Amino acid sequence: MENLKQFLFALSAAGAVGFVAIIFVLRWVLHFKEGLDWNGGLAEFNWHPVLVVTGFIFLQGTAIIVYRLPWTWQCSKLMMKFIHAGLNLTAFIFAIIAMVAVFDFHNFAKIPNMYSLHSWLGLMAVILYGLQLVLGVGLYLIPVTPVSWRAACMPIHVYSGLFLFTSIIAVALMGITEKLIFGLANPKYKDSPPEAIFVNVLGLLLVVFGALILWIATRASWKRPSDQIAHSLHTNRGATDPIHQRSSQLVLLVSQGVKWRPPDCSITFQTKRCTSPKARHSCCRAWWWQQQHHAVVTLLTSNSWKVCRGRR
């Protein structure tokens, strides 16, 4: 991975900011508000911000970047898919419980439901998130889905995930502001009481957390190595010029550390898991280079490039 120290700094900062945001929202409802309970009152409503920040924002952000953690690259891609899906499913369950808490409180207090823009956008976000989860499982966890479908839908899957994550943070900020305006009476929100300042800082923490997650998720050099190869395949599949295909794919390999460009290669990529240099054959030439705690070997045969990961 390029710029490992920069990645670890961004990851540590995101984790710290997200954890502090959870502490802030708990402090808000336990100290400034009525605490937590499930009795139809304000204490039940307080589960809403706690579950949204903890699940819908923090867990979802973790799910977005879980593929980019270098210490998970030795795990199988299938296992990482289950972890990614599990985190997203947990976040979705938290969001459903958060919505139930709001509806219970509104019904108990005879307050109309779904009248604010925050409630409209929040419900849309939950529905779209559920759809994203179902389609993600259907496309990437069920083995019968054609590979061509997975490759074609991956850019949409990534974009929609980042869009929903950003939108949910924006909707959460709307909800925080709405709660402060309605909940603070004496002194009012405009008078900047301690609770208002405290919760405004919570909003800033959510924005910073979202920015760090998006930064980590959009850096191409921090992708899982197999994802970089797949991205190269998908990007260059439609090219009609074989020389252009080879050139584009070799640029990817050079950027990962291959220092020598072979005079010719096949335009076909195959992925295979290797555990040691024993995978070399007499018809292959191997180039090893260090990538953090693991190594990547590129084997050149007469028919294909085989990109393998394993230990030295």
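Placement of Cβ uses the backbone N, Cα and C atoms for every residue, glycine included.
Worth saying up front: this structure is predicted, and the values here are computed from it rather than measured.
TrEMBL lists 7-30 (among others) with the feature transmembrane segment. Cβ atoms under 8 Å from those of the transmembrane segment (7-30) belong to residues 1, 36, 46, 49-50, 53-54, 57-58, 61-62, 65, 68-70, 195, 198-199, 201-202, 205-206, 208-209, 212-213, 215-216, 219, 222 of the same chain, restricted to positions at least 6 beyond its ends.
Summarising the annotation, TrEMBL assigns domain 'Cytochrome b561' to 13-218.
The transmembrane segment annotation in TrEMBL covers 50-70 (among others).
For the transmembrane segment (82-103), the residues of the chain that approach it from at least six positions outside its boundaries are 38, 44-45, 47-52, 54-56, 59-60, 62-63, 66-67, 72, 113, 119, 122-123, 125-126, 129-130, 132-133, 136-137, 141, judged by C-beta separation under 8 angstroms. TrEMBL lists 82-103 (among others) with the feature transmembrane segment.
Residues or ranges marked as transmembrane segment by TrEMBL: 123-144 (among others).
Summarising the annotation, TrEMBL assigns transmembrane segment to 156-176 (among others).
Look at TrEMBL and you will find 196-217 (among others) tagged as transmembrane segment.
Model confidence over the domain 'Cytochrome b561' (13-218) is summarised by a mean pLDDT of 95. Only residues 6 or more beyond the boundaries of the transmembrane segment (123-144), in the same chain, are considered here, and those with a CB under 8 A from a CB of the stretch are 56, 81-82, 85, 88-89, 91-92, 95-96, 99, 114, 150, 153, 157, 160-161, 164, 167-168, 171.
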